[in-house]
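Undergrad: What follows is a single structure, and I will ask about it in a moment.
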Amino acid sequence: MILEEKPEGQGAGEESARLQGCDSLTQTQRGRLQSRRARIHQQIDKELQMRTGAENLYRATSNNQVKETVALELSYVNSNLQLLKEELEELSSSVDTCQHRSEGVTVPMIPLGLKETKDLDWSTPLKELISVHFGEDGASYEAEIRELEALRQAMRTPSRNKAGLELLMTYYNQLCFLDARFLAPARSLGLFFHWYDSLTGVPAQQRALAFEKGSVLFNIGALHTQIGACQDRSCTEGASCAVEAFQRAAGAFSLLRENFSHAPSPDMSTASLSALEQLMTAQAQECVFEGLSLPALVAPHDCLAQLRLAQEAAQVAAEYRLVHQTMAQPPVCDYVPVSWTALVHVKAEYFRSLAHYHAAVALCDSSLAAEGELPTHEQVFLQPQTSPKSQGPALPQEPEERRKLGKAHLKRAILGQEEALRLHAVCRVLRKVDLLQAVVDQALRRSLAKYSELDREDDFFEAAEAPDIQPKTQQKPEARMPSLSRVKVADIFHRLGPLSVFSAKNRWRLVGPVHLTRGEGGFGFTLRGDSPVLIAAVIPGGRAAAAGLKEGDYIVSVNGQPCKWWRHAEVVAELKAAGDTGVNLQVVSLLPGLGDRRPSPLGPKGLLRSQREYGCKTPSSARASPRPLLGWSRKPKQGKTGGCPQPCALAPAGSELWGNCPPPHRRTFRQCLPHPVPKSS
């Protein structure tokens with residue numbers, strides 16, 4: 001991330017460009033869906049309470065008539081619960097088949113829905129903090145607060161394109177600025193951040209700004225999934241864009257999983273994020289296969305090309321089998337929609353059958369391989385050499401033997417596609433997805449037609465079992481971190497001053513205005529640094545020392561002009577221009593306390609990977625020193641005095657982080673996402 005603190009006069013006209021990625025038309029639809037989810041959850045809670053009370057009464061009473069009445073009431077309550085759960089499942093389990101309409105028929109993908117949130121009033125806590133801690137009039141920052149609220153409102157409904165991603169990243173970067181400027185270990189904003197779970201619709205709330213940042217990062221990953229699902233994968237460019245989008249989504253969920261713990265919502269738990277990361281990797285692998293299997297790239301009689309497709313399809317099937325195993329295990333199975341698990345199972349069977357189909361085409365429709373290519377062909381069917389299992393038969397060379405083996409592969413392909421159709425029909429939600437059924441049915445008809453070509457009237461032998469296809473891919477998808485460094489933002493509250501000094505983590509005392517006149521040795525001090533300019537040394541007995549200025553003070557005003565953002569040369573020029581009347585200075589003196597604490601390095605190797613990886617730049621403050629990119633939940637070590645704020649994004653000690661959760665389950669919500677170091681202008 002490249003965060004830039006904008007000096008006075010910059011940033012005009014940026015708000016309209018910043019909100020370009022907002023799609024306000026989707027707000028009504030999503031809000032209506034989330035309201036229905038919340039209402040159903042409330043009704044389910046009410047029915048559960050009634051059932052608990054009825055069960056207690058049934059066990060406690062000895063009156064048979066009362067027991068009969070209670071039993072009848074329990075039957076009504078259980079029926080209502082079943083209906084409500086089915087209605088909730090229809091809302092949560094819907095498979096979004098929003099994809100580009102093309103001539104080719106492609107398998108639908110699984111995009112994630114965005115986390116919804118409630119309106120938030122930043123005005124009261126920010127004005128109070130600006131007045132109390134920064135010593136300025138909080139009412140004078142109405143424009144900045146409105147800009148922040150407009151940005152948050154816009155990011156709730158991002159458009160499904162690059163502009164929507166940039167809108168979410170812009171708000172995330174602004175949260176990093178808010179974290180660095182307004183949060184301190186002993187102080188919170190006092191706001192409750194409300195977010196709805198993306199998988200279940202259950203509301204959750206926390207006071208920690210880390211929860212807000214984590215939810216926005218989740219939406220960045222979810223929006224990548226929606227963009228990937230909407231690509232036209234019938235062309236090479238669309239398939240490549242889909243691969244990139246799903247890899248970015250996997251990177252966002254991986255980043256969230258590695259740096260957040262004890263999240264209050266199920267979709268941000270470690271188990272759910274691991275399952276989502278695996279799902280996005282599998283979908284990226286599927287897009288790789290689709291890109292390689294385009295008719296323009298594959299010749300039907302090219303034996304090597306068909307064998308490569310067989311291995312690619314086997315790789316996709318292996319990825320989806322792993323996803324299905326993860327989704328079928330608790331606690332993920334309690335959160336992930338049942339239709340998703342069923343769709344993943346269908347895809348695993350479908351792509352395994354495709355592997356056998358392409359192997360059969362390679363055996364029966366392709367010419368004999370050259371002598372040097374035979375080992376490559378055999379590796380498609382044989383077990384790896386490192387495997388303790390016995391190796392299967394080698395690739396036959398006689399046409400009749402190749403026909404028989406190809407027929408065996410087609411048999412397995414037909415059985416797999418029939419199983420995929422059966423699994424599709426079992427799931428009530430998937431039965432409504434006609435596109436998926438059309439894809440599998442088309443593949444089954446193609447396999448049956450091929451099998452009828454190979455079948456002969458005098459073919460009475462029982463074909464041997466076809467060996468498994470060994471998974472292999474030319475392009476292994478990897479989780480790629482969201483490109484947060486591409487989005488440059490300017491600190492909305494830049495008027496408060498450079499973050500190296502003016503943040504809630506520092507305490508200071510305003511001195512002045514102090515009137516200084518030029519003596520024989522000048523004003524009696526030396527200056528260093530930019531934004532703000534630092535008094536590096538005070539000459540004993542000089543005019544500055546007599547006026548009470550001290551080494552380490554920051555000049556914030558010259559002759560009534562605010563100069564927090566002035567550079568060294570500008571301050572020096574203003575002082576040189578002072579005549580015999582002298583100059584009036586205002587300075588701030590940092591007080592000992594939180595501002596003197598330095599964060600500890602991230603292990604023996606210092607910074608995590610490198611600052612350049614996340615696009616972070618350290619400020620050029622006079623007393624700044626390198627600091628970690630992540631705010632870890634550790635006690636900071638004492639170090640040299642410096643004006644840089646700590647990038648720790650943890651909630652204040654003693655604050656309640658788990659909202660309405662019962663006391664036995666309250667834990668500390670830790671967050672250590674990449675926290676960019678704002679750049680001083």
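Every residue, even glycine, has its Cβ placed from backbone N, Cα and C.
Owing to the predicted nature of the structure, the values given are computational and were not obtained by experimental measurement.
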Undergrad: Coiled coil per TrEMBL sits at which of 74-101, 102-129, 466-493, 634-661?
TA: 74-101
Undergrad: Per DSSP, what is the residue tally for the domain 'PDZ' (513-580) in helix, strand and coil?
TA: 14 helix, 23 strand, 31 coil
Undergrad: Average pLDDT across the domain 'BRO1' (108-457)?
TA: 86
